[in-house]
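Features of the protein shown, as given by Swiss-Prot:
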- 1-22: signal peptide (SIGNAL)
- ASN54: N-linked glycosylation site (CARBOHYD)
- 56-77: repeat 'LRR 1' (REPEAT)
- 80-101: repeat 'LRR 2' (REPEAT)
- ASN80: N-linked glycosylation site (CARBOHYD)
- ASN85: N-linked glycosylation site (CARBOHYD)
- 104-125: repeat 'LRR 3' (REPEAT)
- ASN117: N-linked glycosylation site (CARBOHYD)
- 128-149: repeat 'LRR 4' (REPEAT)
- 152-173: repeat 'LRR 5' (REPEAT)
- 185-247: domain 'LRRCT' (DOMAIN)
- ASN205: N-linked glycosylation site (CARBOHYD)
- ASN247: N-linked glycosylation site (CARBOHYD)
- 249-294: region 'Disordered' (REGION)
- 292-379: domain 'Fibronectin type-III' (DOMAIN)
- 398-418: transmembrane segment (TRANSMEM)
- 419-823: topological domain 'Cytoplasmic' (TOPO_DOM)
- 590-624: region 'Disordered' (REGION)
- SER622: phosphoserine (MOD_RES)
- SER671: phosphoserine (MOD_RES)
- SER675: phosphoserine (MOD_RES)
Amino acid sequence: MLRLGLCAAALLCVCQPGAVRADCWLIEGDKGYVWLAICSQNQPPYETIPQHINSTVHDLRLNENKLKAVLYSSLNRFGNLTDLNLTKNEISYIEDGAFLGQTSLQVLQLGYNRLSNLTEGMLRGMSRLQFLFVQHNLIEVVTPTAFSECPSLISIDLSSNRLSRLDGATFASLASLMVCELAGNPFNCECDLFGFLAWLVVFNNVTKNYDRLQCESPREFAGYPLLVPRPYHSLNAITVLQAKCRNGSMPARPVSHPTPYSTDAQREPDENSGFNPDEILSVEPPASSTTDASAGPAIKLHQVTFTSATLVVIIPHPYSKMYVLVQYNNSYFSDVMTLKNKKEIVTLDKLRAHTEYTFCVTSLRNSRRFNHTCLTFTTRDLVPGDLAPSTSTTTHYIMTILGCLFGMVIVLGAVYYCLRKRRMQEEKQKSVNVKKTILEMRYGADVDAGSIVHAAQKLGEPPVLPVARMSSIPSMVGEKLPASKGLEAGLDTPKVATKGNYIEVRTGAAGDSLARPEEELPEIENGQGSAAEISTIAKEVDKVNQIINNCIDALKLDSASFLGGGGGGGGGGDSDLAFECQSLPAAPAASSAATPGALERPSFLSPPYKESSHHPLQRQLSADAAVSRKTCSVSSSGSIKSAKVFSLDVPDHPTPTGLAKSDSKYIEKGSPLNSPLDRLPLVPTGSSGSSGGGGGIHHLEVKPAYHCSEHRHSFPALYYEEGADSLSQRVSFLKPLTRSKRDSTYSQLSPRHYYSGYSSSPEYSSESTHKIWERFRPYKKHHREEVYMAAGHALRKKVQFAKDEDLHDILDYWKGVSAQQKL
């Protein structure tokens with residue numbers, strides 16, 4: 001069974017011709033027309049020319065197979081062949097007349113085979129053959145008439161064969177021949193080779209590879225070049241044979257060769273190729289074969305570089321023929337230009353360095369080319385230091401881009417320099433403005449700005465204050481507050497109608513600003529820099545908070561004294577509404593036994609802030625402290641209309657007078673009911689009651705000002721009025737005020753809102769703020785310096801962020817505080 005299976009498989013392989021046909025690649029045209037058939041390297045390789053290929057094929061490639069012979073029967077059906085490639089086969093026999101049917105064949109490649117000779121019968125019928133390649137064969141004999149059937153041959157390659165001799169008439173009939181490769185053959189330099197050497201001198205081989213032609217025998221001539229002498233001696237085969245075979249028979253010119261050269265202009269133009277046969281052995285052919293200028297065309301090399309060359313072409317009779325300058329590259333050529341003048345200067349560019357080029361002057365007639373003279377030269381090699389001319393604009397583009405980039409760098413550098421210089425000037429101006437602002441905050445706006453700067457520049461000389469203002473606070477309740485000062489303070493704070501900037505508004509309100517003692521003013525430009533500014537701002541903030549806290553304490557005590565009276569006071573005979581509030585004694589034990597009329601109001605000062613504490617102070621004292629609560633009632637000549645209870649927390653120990661210093665810190669006492677009573681203006685009535693024990697009962701009318709309805713932080717000056725208002729108007733101020741969005745913006749300006757984002761005094765600094773500063777500071781700072789810095793930022797943000805009427809309200813608030821302090 002196994003044998004039957006193998007036999008069946010073998011029969012299938014033999015009976016299927018499609019398996020072989022599939023190995024050829026066909027490029028077909030219309031109607032089954034085949035342009036190219038590639039059957040090279042077939043597996044299995046072809047041993048005969050395949051017959052399944054369409055007969056219309058033009059280019060047939062059968063290279064690298066195992067063809068043994070070329071027969072007429074295998075080629076006669078391919079009548080349209082123009083190219084036949086039989087390279088690298090095992091062809092050793094070509095039948096005579098095998099190519100009779102190939103009348104259109106132009107290229108025949110038979111290289112790398114086993115041919116031993118070339119005869120006329122092997123090449124018969126190929127009248128249009130132009131290129132014949134039979135290199136690397138075993139050819140020993142080429143008959144003199146082998147190429148007589150191929151008059152159109154342009155290139156013949158017989159290199160690397162076994163040719164020892166050639167007849168002088170072998171190539172004489174090939175008028176169009178331009179390339180004849182004979183290198184690699186073992187020539188026998190005897191007298192029978194002299195005829196071939198005579199033809200070789202006349203022939204202008206395009207490749208000019210004369211140095212590869214040398215003698216192999218006899219022994220005394222081994223290694224001699226056939227034509228070109230060696231550099232170290234002038235001996236070559238043709239000179240030796242010329243002297244040795246002088247009496248020998250010279251080869252007669254073939255009948256098919258044109259008539260001898262004649263200088264007459266009426267000769268047949270195409271009868272010769274421009275060489276005089278009398279000069280065949282007169283000179284050795286140089287590297288560039290040129291003739292006399294008077295005899296025929298000449299070509300000379302004028303200049304050569306590594307990428308260009310300049311040729312000079314001289315034509316005695318330019319109009320006798322059509323002359324063309326042709327460039328040859330091995331077996332191919334290309335026309336460069338048509339020569340129409342007697343002397344042409346041709347410039348050749350785009351050449352490669354260290355490359356050999358061949359240019360010939362050729363005449364054309366009847367579609368045939370006749371070489372007159374050729375020139376072969378080699379371009380120069382690149383030398384370090386020589387600059388090759390650029391054939392592209394790459395360098396130009398690169399230089400343009402680099403120039404643009406360099407220009408952009410210069411422009412950006414100039415812009416950066418200008419911006420940096422401008423920024424430095426702005427920072428310098430800003431520093432001057434900050435110092436000027438600090439000086440104005442310290443000395444007030446009454447002093448001229450120029451004099452302040454001039455005074456600040458004088459180190460060691462304290463500036464002279466134009467107005468000495470005191471911020472003393474009455475420590476005893478029994479003191480009488482002069483009404484004239486209060487009236488002046490009240491009339492001295494009109495609301496500014498026009499809008500202005502921060503400096504203008506604050507300069508206008510500088511008359512009510514607080515002055516610092518002259519001995520407490522440090523030097524401005526003493527090298528300490530920002531430390532002095534922060535310290536100055538912090539002290540100013542401390543002073544403002546001291547005044548605010550004192551005024552708030554006074555208001556709370558006055559409100560408590562008004563609301564604490566049962567009824568009927570010194571103003572009982574009046575029809576106006578009056579509030580009677582009495583102050584509490586210092587000792588909490590005596591508060592329950594003492595009469596309201598005998599209460600003495602303590603000092604305005606609050607308990608001092610202890611710096612050793614690490615937590616923010618609470619503004620409300622605990623209910624466990626010794627506090628006595630008083631109730632305030634509304635009394636009039638009639639019945640009681642309404643009553644509202646207010647609570648007031650009073651510390652159990654009186655505040656010492658000695659604590660009222662500029663660096664002391666004060667704590668506001670918040671009302672548990674968050675009553676706006678501590679922010680309402682107090683208007684004194686016509687008469688006031690008196691109390692014993694050094695205490696005093698103040699009969700005051702409460703009149704809401706227009707500031708109260710606008711901003712919670714507004715604290716206008718006291719208004720003293722002689723007239724009396726209605727009861728409804730006097731009681732309406734007791735209603736709790738609501739805070740609008742606009743009011744809450746500047747609520748930080750009041751010390752009671754100590755839980756805001758920024759503290760207005762160092763005493764309101766909290767632990768969380770301290771931790772934030774600890775997180776971002778690069779080095780450890782002093783605790784007091786951090787507190788002063790926070791205070792300075794708070795004051796700056798509160799005042800500088802205010803605009804227009806908001807700024808006026810802030811200034812009015814401080815004016816009211818100042819007026820209350822003066823009272």
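The backbone N, Cα and C atoms fix where each Cβ goes, and this holds for glycine too.
Projection of Swiss-Prot feature records onto the structure.
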{"residue": "ASN54", "record": "N-linked glycosylation site", "DSSP (3 states)": "coil"}
{"residue": "ASN80", "record": "N-linked glycosylation site", "DSSP (3 states)": "coil"}
{"residue": "ASN85", "record": "N-linked glycosylation site", "DSSP (3 states)": "strand"}
{"residue": "ASN117", "record": "N-linked glycosylation site", "DSSP (3 states)": "strand"}
{"residue": "ASN205", "record": "N-linked glycosylation site", "DSSP (3 states)": "coil"}
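Closest by Cα distance to ASN117 (N-linked glycosylation site), from the glycosylation sites ASN54, ASN80, ASN85, ASN205, is ASN85. With a cut-off of 8 Å between CB atoms and residues at least 6 apart in sequence, the same chain places SER40, LEU60, ARG61, LEU62, ASN63, VAL107, GLN109 near ASN85 (N-linked glycosylation site), listed in sequence order. If you average pLDDT over the domain 'LRRCT' (185-247) in this model, you get 81. The Cβ of ASN205 (N-linked glycosylation site) has 23 neighbouring Cβ atoms from other residues within 10 Å, across all protein chains displayed. It is 31 Å from the Cα atom of ASN205 (N-linked glycosylation site) to that of ASN80 (N-linked glycosylation site). Break the domain 'LRRCT' (185-247) down by DSSP state and the numbers are 26 helix, 7 strand, 30 coil. Counting other C-beta atoms within 10 Å of each candidate's C-beta, the glycosylation sites ASN54, ASN80, ASN117 are led by ASN80. A Cα-Cα distance of 10 Å separates ASN54 (N-linked glycosylation site) from ASN80 (N-linked glycosylation site). Packing against the repeat 'LRR 5' (152-173) from elsewhere in the chain are residues 111, 127-144, 146, 179-188, 190, 192-196, 198-199, 203, 216-217, 251, 253-254, 256-257, 331: each is 6 or more residues past its ends and has a CB under 8 Å from a CB in it.
Sequence-distant contacts of the repeat 'LRR 1' (56-77) (same chain, six or more residues past either end, CB-CB distance under 8 Å): 26, 32-42, 45-49, 83-95, 97-102, 109.
Counting residues per DSSP class in helix, strand and coil order gives 0 helix, 56 strand, 32 coil for the domain 'Fibronectin type-III' (292-379).
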